[in-house]
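What TrEMBL says about this one:
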TRANSMEM  132-153  transmembrane segment
TRANSMEM  183-201  transmembrane segment
TRANSMEM  213-240  transmembrane segment
TRANSMEM  246-269  transmembrane segment
TRANSMEM  374-398  transmembrane segment
TRANSMEM  410-427  transmembrane segment
TRANSMEM  439-457  transmembrane segment
Amino acid sequence: MMASPQHVFLFCASLVGLALIVVTPPSQVPDEPNHFQRAYQVSTGQLLPETVDRRVGGVLPHSILMTPARFLIGRDEKVTAALFRAEWARALEPERSQFVDFPGSALYSPVPYLPHAAGIALGRMVGFGPLALFYTARLFNFLTWLTLVYLAIRLAPTAKWLMCLLGLVPMHLFVVASNSADAVTNGLAFLSVAWFMRLAWADRPLRHWRDLGMGLLLVILLSLCKGAFGPIAGLVLLIPPQRLGLAWWARVLLALGFLVTSVAAFWLWSEQVRPMHLGYEQYNPKYRAHLPLNRGVDTERQMVGVIKNPVGYLKIVAVSLYNDRHPLSRQFYGNLGWLELQIPPTYLYAYVALLVWVAAVEPNRVVPTRQGRCLLAGAGLAVIVAIAFLMYCAWVPLGGTAISGWQGRYFMPAALLLWCAAPARIADPRDRWHRRLAILVVLMVCLNWIEGFRLLVERYYLG
């Protein structure tokens, strides 16, 4: 039986992801405590954050603050069995509540936290303590991502093996096996790209309102997860005119409608929480020292500056990408823990080589047209510029000349779009590459995670 890319992905991602849920200690994924606290807040039905005394977050059980904090260990410390036993025995005690600051995740829409919230709500019903809730939220989050990416690979009419490989990138797997909002966000990005490619090139009739309605729903949900991924809505232009049965001007209006709806969804949520956004200078000085807040940030004035000088902004983006190319590539591929554990660069080079080879030899039933590849590449570049724009406005001090604070993992949807734009070939019915590709992918995953789990075990448990 031919090894399909979606089944290879499901096998590899399930084994590695479930192991990571257990092996990675709580709070040892970037920003995981804040994401868990926001998910707990959503699980109680509170979709909007709270602001109290110039603080942003919410009223949560004291244990929801303390359990993740206990696992925020120093670089030379280890996670002990005694710590696990003590925290596992800790009761939730929802009656002992306090205001908890998590401004970094509090302003996110509830959409990327719905799987965590469902797991936490179920765990509370059966009496789980805070540590059990933490792991339950991880599991629900990971299974949601696994389902979304599996469906994306299955539905995609082309680039299935490329999507499989990108879904199995070590840093990607590490993050989605946690409480990070990136799991749902990236899963929706994969499914959105695959859906539009399916509408454009799949060998089946286009069911106009049903298929386009599903595409619109996906881009709305994706924009509510991260507004920078809004350009993916423009992929509706992949659908050939003859399949849509629309004149060129109607097709353009359709694409504009998708893009405007995507932007509107992000804007409406942003306007809802804008009064709750507090910069470093506005935040209560007693509580801001250890929060992810930068001095001198003025989001609205920074946006005005970009609009007035777009060429200067694009220059800042290009220079920042070039200067940060090495850390961004490492973070995209394999910076585990709080970015201090690095899978060796040799593995990165081998993975890129495998991606290039797969792009060249992968058998496909259909291949994108030149126009389609240009559109995919353009959407990928637009996503990069949009990510840079949000980081520049929300993180960089007013008038800054370099973008900081971004991480390589933010660019996974952009990488997906750019790799899907690679030239492809039509499959030969006698082709045996599927089985060979399956072996190579499984081998690459094994080599990466032998090293990855060694790094995690040595860092957190041995010595």
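Just so it is clear, glycine is given a Cβ too, placed from its N, Cα and C backbone atoms.
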If one takes Cβ-Cβ under 8 Å and requires six or more residues beyond its ends, the residues near the transmembrane segment (410-427) are 158-159, 162-163, 166, 169, 172, 182, 186, 189-190, 193, 197, 228-229, 232, 328, 332, 355, 359-368, 373-374, 376-377, 379-381, 383-384, 387
Does the structure show the transmembrane segment (374-398) and the transmembrane segment (213-240) touching, where I'm treating 3 or more Cβ pairs under 8 angstroms (sequence separation 6 or more) as a contact? yes
Per the Cβ under 8 Å criterion, with at least 6 residues separating them from its ends, the transmembrane segment (132-153) contacts 5-6, 9-10, 13-14, 17-18, 21-22, 26, 36, 39-40, 64, 67-68, 88, 92, 115-120, 122-124, 160, 163-164, 167, 176-180, 183-184, 186-188, 190-191, 193-195
